[in-house]
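What follows is a single structure, written as structure tokens, with notes after it.
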Amino acid sequence: QAIGPPYGLCFQCNQKTSSDCTEARRCSPFHEKCYTLYQPDENWMKSSGLSHFGCGKQCPTAGPEGRVTCCLTPRCN
């Protein structure tokens, strides 16, 4: 199973819908960038907000109160 271009290997889960974010999985072809999208909770506290881990062709854009980290390995997400 090839890892690396054109395939990435990233953590892919949403803390809101899944508590198991422990295993990186192969991304779709040419979705090589791993990202973590941080979103604040209902009280707008970033420290206790939820995270979405995924992979894409490019990094997603965070909303006004969120932030994104992005890289080429699952170590950053």
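Placed from the backbone N, Cα and C atoms, the Cβ positions cover glycine too.
These numbers come from a predicted model, not from an experiment.
Look at Swiss-Prot and you will find C10-C34 (among others) tagged as disulfide bond. Under DSSP, C10 (disulfide bond) is assigned to a strand (E or B) in the three-state scheme.
Here Swiss-Prot flags C13-C21 (among others) as disulfide bond, drawing on similarity to another entry.
DSSP assigns C55 (disulfide bond) to a strand segment in the three-state reduction. If you draw a 10 Å sphere around the CB of C55 (disulfide bond), it holds 24 other CB atoms from the protein chains shown. The disulfide bond annotation in Swiss-Prot covers C27-C55 (among others) and is backed by similarity to another entry.
The disulfide bond annotation in Swiss-Prot covers C59-C70 (among others). Same-chain residues at least 6 positions away in sequence with a Cβ under 8 Å from that of C59 (disulfide bond) are, in sequence order, K33, Y35, V68, C70.
The disulfide bond annotation in Swiss-Prot covers C71-C76 (among others). Secondary structure at C76 (disulfide bond), as computed by DSSP, is helix. In sequence order, C34, T36, T69, C70 are the residues of the chain that are 6 or more apart from C76 (disulfide bond) and have a CB within less than 8 Å of its CB.
According to Swiss-Prot, the pyrrolidone carboxylic acid annotation covers Q1.
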Integer Cα-Cα distance in angstrom, C71 (disulfide bond) to C55 (disulfide bond): 10
Highest CB neighbour count within 10 A among the disulfide-bonded residues C10, C13, C21? C10
Packing count at C27 (disulfide bond) (other Cβ atoms within 10 Å of its Cβ): 22
For C27 (disulfide bond), the closest of the disulfide-bonded residues by C-alpha position, picking from C10, C13, C21, is C10
